[in-house]
């Protein structure tokens, strides 16, 4: 980020549009959930996009978050390093992203490492954390800590099974338009582009 110069023209417009998607209220809700979920000595960051980015940038908070969503002994990231080296921090972010995908977050909801590392798209980071919270609430396996109303519950399939007798009874039902001549028909329709014949 330090080596990147300012963007101009269309690039600047696109970046401004991306930055407008960031939600400060959502940031507060996510920070509260992460601190409550991790149940460790994680300090509350000052409000603001850049502080939120710096708080998550080394990957330790994200790794602690994904580990807290699993039962003890089944954590997907066994070793969390608090290294100051850039490639180690980026590696931890990518470990979090892989673990989130395994947990059930769709690949379309997962941000790219540079979105967080360079602060390119912090709204995408928020979307990933929201999707992770939604999956955690939906799983309802006892590992989620926090208000269930903070995240929406994802829809789950509810398959229905019909017996052969029920399927046969469904074939006996007469459709609503069968035998009716008042429904939609093509009477009076002319071909496309032809003039209407009025006599």
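Any Cβ shown, glycine's included, is placed from N, Cα and C.
The annotation domain 'Calponin-homology (CH)' is assigned in Swiss-Prot to 24-136 on the grounds of sequence analysis.
According to its DSSP assignment, residue 163 (phosphoserine) is coil. What Swiss-Prot lists as phosphoserine is 163, and the listing cites a large-scale study or a structure entry.
The repeat 'Calponin-like' annotation in Swiss-Prot covers 174-199. Note on the repeat 'Calponin-like' (174-199): mean pLDDT across this stretch is 65.
Residues or ranges marked as compositional bias 'Polar residues' in Swiss-Prot: 178-188.
Swiss-Prot lists 178-199 with the feature region 'Disordered'.
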Mind tallying the domain 'Calponin-homology (CH)' (24-136) by DSSP state, helix then strand then coil? 74 helix, 0 strand, 39 coil
